[in-house]
2 protein chains.
Amino acid sequence: MPRAVKRTWGTALLDRFQRPAQVVVTGFGLVILIGTALLASPAATTSGAPAGLLTALFTATSAVCVTGLVAVDTETHWSTFGEVVIAGLIQVGGLGIMTLATLFTVLVSGRLGLRARLSAQVETKTPSMADLRVLVRRVVLFSLMCEVVIAAVLTTRFAVGYGQPFGRALYLGWFHAISAFNNAGFALWPDNLMRFVADPWITLTIAAAVVAGGLGFPVMFELYRSWRRPSRWTVLTKITVVVTTGLLLIGTLIFLVTEWRNPRTFGPLDDADKLLAAFFAAVMPRSGGFNTVDISQMNPSSWLATDVLMFIGGGSGGTAGGIKVTTLGVLALVVWAELRGESRVNVGHRRLPESLQRQAVAITLMGVSLVAVSTYILLVLTPHSLDEVLFEVISAFATNGLSAGITADATPAGHILLVLLMFIGRVGPLTLGSALALRERTRRYELPEERIIVG
Amino acid sequence: MPRAVKRTWGTALLDRFQRPAQVVVTGFGLVILIGTALLASPAATTSGAPAGLLTALFTATSAVCVTGLVAVDTETHWSTFGEVVIAGLIQVGGLGIMTLATLFTVLVSGRLGLRARLSAQVETKTPSMADLRVLVRRVVLFSLMCEVVIAAVLTTRFAVGYGQPFGRALYLGWFHAISAFNNAGFALWPDNLMRFVADPWITLTIAAAVVAGGLGFPVMFELYRSWRRPSRWTVLTKITVVVTTGLLLIGTLIFLVTEWRNPRTFGPLDDADKLLAAFFAAVMPRSGGFNTVDISQMNPSSWLATDVLMFIGGGSGGTAGGIKVTTLGVLALVVWAELRGESRVNVGHRRLPESLQRQAVAITLMGVSLVAVSTYILLVLTPHSLDEVLFEVISAFATNGLSAGITADATPAGHILLVLLMFIGRVGPLTLGSALALRERTRRYELPEERIIVG
Ligand SMILES: [K+]
Ligand SMILES: [K+]
């Protein structure tokens, strides 16, 4: 072995990243299995009777994949031990996703979505192992710090505004901070967050947590470092911020228009609360998955808008699901270039490489195909209508967790399909996008290319 | 004017093709207006009372755009004069589409989808005016010959099998031959072709006419010339034939599975007739638009499958609508190349140019956006459910004409939306694809590129 090098856990880890798909799939699968075992134990339920294996599997998958679809009501069915297990699974799943997504962003782009490299010494395209270790530490610290801040606000509100004893308020604040920042959508009330529809302390905090977690570490880090100089942002940050803002505005407007007079959703609210509820409903498809109005009572047109927003999802380097706003942004830029008859797709003095455009196409088409086939299967398996089934399928695929109400009474076959969708939706676009981008070896130079992660 | 050349109608026409979008839009608009005026006259209705302007506009648009959606029953509402007007509009619309699509294919690819040029003398990329005149004559002759053959078969069957007097049989045969070959979907029975569900003479003839018209002239011509040497087919023909065959097989299978036991569709039929009806139902989304079972009684899963098939539509150089099988084929090849990690999209020793890939993306995304926005609007405007509205919107956009039953009782606003959808769906993807391909000036040479038309 003439070129043998000393193998540290570092080089071993780097080696593994040549096969990122396997690492991710195996890792998530293992955590789900452990979670299933824990949730299937008698200690995990309020009643003391062990939950069915499918219920445990469904809940564990939903937690690890930070989806938030529930087959049983979280508060009443699971004991405090069960709830802590769920929160733990969300934390492990969310941190795993954010760390992996950030690592992939760095490995794909050769940098951290920052003008400067992580350490000035590094001149090569591939970051060193030390860089990566620093990076992972930063991601974890950043996540935990965000969660602490969110938990503090929520705890204060639960204690002061709702008269909860401090211990209970802290527990509620901690659980929902983890659930919100990791875009998981689990809540400890049977009506999710509907009782807080007119409470901006709760809903705006949760919405901010969902957006922050869903933007992802690379974008959040760059915004933190240079939020005053948008012209110097990387393409990843530019696209993410522009598309996110656009979707939030359009979404808020659509829900205001469609639900304004609906007596079972926005109808009883005063105008300011309508705006708050519409904004919340526009944020959650990014893939927060909480709800402050009864989704099942929304108009079919609102469901359709939610379907589209859920399918798009959030940012590439965070805990959100869906095809990601970056993918949509790349596709929109392609269409725009076509309409203008330009032979290159440029954005902000950078050219989007053709391989990136193809990745965006591949991710979107595979997502559409997966949703279409799953919807067809679920339509055949269950008596529900297209709007209900489509909503639930997209929610599972985009690891969103909003529900039109059929998850609870789906058949076992339906539950298994949703479990598969959550899992594929979680690991699929991420690993696909990254694996594809890492695989390409040849590079050509015209305008300087800029690689961003999609999916 | 040092470079003035003698302007013939030929060079003038060629000049116009620098702005193909305007020519097409103006042309279709004019024919629709003339058709509306004719159908709004008292002579056009059975009752002698002039049809409402919106009804006339809807029917004229549906006929010229060869869609086949009807706001009123064709047989009972329109007089023989009205029916002849409708057939005339279908013929003009269908011939216009096929001629334009063929011309664009030639102008884009520099050849007629044949190994040899149209005339051996031509060495330049741009075909001469004489070439184009020959081409138009061939397209018209080809269409009329096909229609005569189809009409002959149908007339014989109506006369011999159903005891119609010869004059009536000829009229029915002629009308439905025009309607079928041009993918228009108009029929002179209130139940469309449901009474012929078990009659292979009628249904297979209509299906063959729809497929032939929907493949388009360039592909049909190449199949006629060199059907024994598939390896020498152009990429256009290869993709069209492979995707068409695949969709027909998958469609037949899906309808067999989903409708086999449905007592209101396939249930009462014997097994052979079930196969016949499933095949017919799989052909019609290509955009024939006839039906031999009651679409409104199909399962929602069948509607979803039909939605997808309608959206895809037929071939690029013919009378079909939708994003076209070529567009789907190009996208599928892009995904396949991505999955294999190839940096080029090759098919049959040819490289698909990046501009073509971007066109396919642009056409598909604009189609999806148009359908999503229209569906949202129609959901807000009407009390119908998502599956019904989505079906009708895709049917209109893809100029298909199949109906889940809501077109008849859509509101005036709904009818206007459907008119716009039919018009945009008809001229949009075609002119978009062609205009975009014609606009590009620079060419690069790596593998020899092959241009095909998409949309
Ligand atoms: K979620
Ligand atoms: K049609």
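Each residue's number is its place along the chain shown, starting with 1.
Keep in mind that glycine also has a Cβ here, set from the backbone N, Cα and C atoms.
Curation plays no part in TrEMBL annotations; they are all automatic predictions.
Annotated transmembrane segment per TrEMBL: A:21-40, A:52-72, A:84-108, A:139-160, A:201-223, A:235-257, A:308-339, A:360-381, A:416-438, in sequence order.
Within the chain, the transmembrane segment (A:235-257) has long-range Cβ neighbours (under 8 A, six or more residues past its boundaries) at 105, 109, 113, 211, 215-216, 218-219, 222-223, 266, 274-275, 277-279, 281-283, 285-286, 302, 305, 309, 312, 314-317, 325-326, 328-330, 332, 347-348, 350, 352, 450, 452-453. The listed stretches are A:84-108, A:139-160, A:201-223, A:360-381; of these, A:201-223 has the most Cβ pairs under 8 Å to the transmembrane segment (A:308-339).
Sequence-distant contacts of the transmembrane segment (A:201-223), counting only residues of its own chain at least 6 positions beyond either end whose CB sits under 8 Å from a CB of the stretch, comprise 94, 98, 101-102, 105-106, 112-114, 138-139, 142-143, 146, 150, 153-154, 157, 161, 176-177, 180-183, 193, 233-234, 236-237, 240-241, 244, 276-277, 279-280, 283-284, 286-288, 290, 292, 313-320. Only residues 6 or more beyond the boundaries of the transmembrane segment (A:139-160), in the same chain, are considered here, and those with a CB under 8 A from a CB of the stretch are 94-95, 98-99, 102, 166, 168-170, 172-174, 176-178, 180-181, 199, 201-202, 205-206, 208-209, 212-213, 217, 220-221.
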